[in-house]
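Only one structure is covered here, and it is reproduced in the block below.
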Amino acid sequence: MLKGIHPALSPELLKVLAEMGHGDEIVLSDAHFPAHQLHHKVIRADGIQIATLLEAITPLFEYDQYVERPLAMMQAVHGDSLDLAVEERYLAAIAKINGKAPLVERVERFAFYDRAKIAYAVVITGELAKYGNIILKKGVTPVLTD
């Protein structure tokens, strides 16, 4: 354990977050997502809800401020419905840490899969909500000055 690091963050996930550069994306997927089919770098976070991971990641992660919507979620397939409370829960988790949350882009299912294929990594979580996947785009970490 490290002081100040949320216990939901595994050493492997911390390493990946540190390796990512600005503009890189990471997928936090629900438990049903075809991660291993789409990507070679898959991290397991079994039993952990995405909102919990967002609370853990947000203090360490700069969301891209140079794009209008640095978060992306899958839109419902035609004829299906999604629970908007899922998005609200995710944004509340980020806002709890940052005071506000970035905007979310809704992406068609297969376009979402295409983005997942080129993401830096995919994290499989214990999230069970339908359409519960979210992509985070990393921004430029501010330089601290004396």
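Heads up, the Cβ atoms here are built off N, Cα and C, so glycines get one too.
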Look at the substrate binding annotation in Swiss-Prot, where Arg109, Tyr131, Gly132, Asn133 are given, and name the residue from Asp30, Asp46 listed for that site too. Asp30
CB-centroid shell, 8 A cutoff, substrate site Asp30, Arg109, Tyr131, Gly132, Asn133, site residues removed: Ser29, His32, Phe33, Met73, Met74, Phe112, Ala129, Lys130, Ile134
Taking only the Cα atoms, work out how far Asp30 (substrate binding site) lies from His22 (active site, proton donor), in Å, as a whole number. 24
What does the structure give for the C-alpha distance between Arg109 (substrate binding site) and His22 (active site, proton donor)? Integer Å is fine. 25
Tell me whether Asn133 (substrate binding site) sits in a helix, a strand or coil according to DSSP. coil
Should His22 (active site, proton donor) be counted as helix, strand, or coil on the basis of DSSP? coil
